[in-house]
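Annotated features, as they stand in TrEMBL:
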DOMAIN    4-86  domain 'PTS EIIB type-1'
ACT_SITE  Cys26  active site, phosphocysteine intermediate
TRANSMEM  118-138  transmembrane segment
DOMAIN    133-477  domain 'PTS EIIC type-1'
TRANSMEM  158-178  transmembrane segment
TRANSMEM  190-209  transmembrane segment
TRANSMEM  221-241  transmembrane segment
TRANSMEM  261-285  transmembrane segment
TRANSMEM  297-318  transmembrane segment
TRANSMEM  339-360  transmembrane segment
TRANSMEM  372-391  transmembrane segment
TRANSMEM  403-423  transmembrane segment
TRANSMEM  443-464  transmembrane segment
Amino acid sequence: MKYTNDAKQIISLVGGNDNINTLIHCMTRLRFTLKDESKAKTSEIEKLDVTIKVMKAQGQYQIVIGNKVTDVYDSIIDLLPRLAAEDQGSKEETNKTETAEEKPQGFIATFKHGYDEFIGVLTASMMPIIGVLAGSGITKGILAGLVSANLLSDKSGIYLLINTMADTIFYFLPVILGFTAAKKLGSDPIALAVIGAFLIHPNIIGIAANKVPEVSLWGDFAVKIMNYSGSVFPIIVAAWLGKYVEKYLKKAIPEMIQGIFVPIIEIIILSFALLLVVAPIITVLSKGLANGISGLLAFNGIIGGAIYGAFYPILVVFGLHWPLIPIVINDLAVNGQSVICALTSITAVGIAGAVLAVAVKTKKKKFEALGYSAGVSALCGISEPSLYGILLKYKKVFYMTMIGNALGGAVAGGMHLVIYGFTGSLIGFPSFINPKAGIDSNFTAYVVSHLVAFVAVFVLTYLFGYSDKMVSSDQEV
């Protein structure tokens with residue numbers, strides 16, 4: 001089996017077969033009861049690639065594995081079949097105890113627990129596609145570089161086809177996330193994928209592009225439609241609601257017709273829930289944030305730049321950054337330049353600094369590979385692999401990124417940085433060259449602000465934001 005070697009090492013390091021009384025597992029942990037816990041070599045167990053952390057609680061020696069826990073458990077059972085003959089009641093009792101132990105108390109604790117659960121689902125849903133996201137981002141960056149160097153026309157057939165291939169993962173993100181999030185949360189993956197497809201159906205996209213993007217349902221009651229292509233938050237909410245809707249429907253609908261009616265009714269209910277509840281909330285929050293950001297930047301460039309640089313990644317996570325795009329497009333069309341887009345460029349470069357620092361510092365090959373690929377993608381302007389692959393999983397890395405990006409944003413605001421095109425980050429440097437005056441103080445501001453963000457985030461992350469010892473459950477967001 002895939003984890004046979006890991007299983008052998010774990011058995012040996014907990015003191016061998018003779019030292020193990022029982023073994024059960026929950027959602028993320030192997031739970032041993034050992035005859036003598038002093039024989040377990042905790043520090044060596046924590047160095048294993050498959051191990052996140054070791055904990056001791058409730059008379060158990062617990063090894064935190066994460067999503068692979070079932071596979072590792074099965075590999076151990078293959079080696080030690082006697083452990084499979086445990087009383088099922090002990091498993092249930094352990095899970096009940098764990099639930100009671102981890103149940104949050106109070107509003108703040110409950111809110112934090114809910115937020116942590118949401119981020120956990122979000123990152124787990126994104127992880128299967130991080131590699132494709134990173135590769136697509138790098139591809140788009142290479143294409144942009146070739147176009148900037150006049151080596152390839154953005155009107156050519158080869159550009160059109162390859163750029164479309166690279167765009168596909170982003171465009172169909174709601175479909176893919178619907179499937180992966182549903183698997184994570186226990187709802188119907190196919191039904192959620194269909195809901196994701198509904199959100200980006202040409203009819204929906206077409207309505208969203210109208211001057212009045214709304215559909216009348218009955219009388220004067222109309223629902224506003226937004227462009228969901230590339231969105232993350234709505235479909236995650238749908239996947240979370242899905243498990244409750246399915247549970248209710250399976251109780252209400254006779255078993256013989258559940259296969260036909262449960263999925264379609266679930267699709268209808270959740271789709272309307274997104275359109276009538278989730279979308280309006282996102283729209284109101286997004287527009288408020290967009291107006292607030294524009295006003296803050298106009299009031300004080302340094303403070304506005306710092307705040308925008310620090311918090312923009314959070315807007316991306318919750319899908320609240322989309323209303324900024326019309327502002328950017330309008331600025332470029334009317335004024336020929338944009339401040340908001342320039343600051344967004346800085347955040348991508350800062351994020352690249354964070355994940356590249358992780359790649360340089362880590363001794364874990366999977367993080368090294370992810371860090372380098374996600375870093376290159378961010379330098380090409382695509383930061384999602386970095387956000388969902390590393391930053392959201394490790395809160396200190398995220399905090400260091402916020403600090404470094406705030407510094408870069410403040411410098412950009414103080415130097416009045418603008419962008420003259422839509423493509424930023426490292427690969428989009430030509431967009432910062434003044435089309436009338438050529439290389440001037442604005443390009444200097446581009447170099448300085450982006451360098452400040454990159455270096456600050458890299459150094460802060462390397463020194464304070466990440467170490468391989470942090471790869472544990474209590475260090476993850």
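For all residues, glycine too, the Cβ spot is worked out from N, Cα and C.
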Check your understanding: Counting Cβ pairs under 8 Å to the transmembrane segment (403-423), which of 158-178, 190-209, 372-391, 443-464 comes out on top?
Key -> 443-464
Review point. Apart from its near flanks, which chain residues at least 6 from the ends of the transmembrane segment (158-178) lie with a Cβ under 8 angstroms of it?
Key: 125-126, 129, 132-133, 136-137, 139-140, 143, 147, 152, 189, 192-197, 199-200, 228-232, 234-236, 238-239, 384
Practice item. Give me the stretch from 221-241, 261-285, 339-360 with the greatest number of Cβ pairs under 8 Å to the transmembrane segment (297-318). Key: 339-360
Practice item. Could you give the residue numbers and ranges of same-chain residues that sit at least 6 residues beyond the transmembrane segment (261-285) on either side and whose C-beta is under 8 angstroms from one of its C-beta atoms? Key: 188, 190-192, 194-195, 198-199, 223-226, 233-234, 237-238, 241-242, 245-246, 249-250, 253, 318-320, 323
Review point. Looking only at residues six or more beyond either end of the transmembrane segment (221-241), which have a C-beta under 8 A from one in the stretch?
Key: 118, 121-122, 125-126, 170-174, 177-178, 181-182, 184-185, 187, 192, 195-196, 199-200, 204-205, 207-209, 213-215, 270, 273-276, 278-280, 282-283, 317-319, 322
Review point. For the residue listed as 'active site, phosphocysteine intermediate', what is the tally of other C-beta atoms lying within 10 angstroms of its C-beta?
Key: 15
Check your understanding: When the domain 'PTS EIIB type-1' (4-86) is classified with DSSP, how many of its residues are helical, how many are strand and how many are coil?
Key -> 37 helix, 22 strand, 24 coil
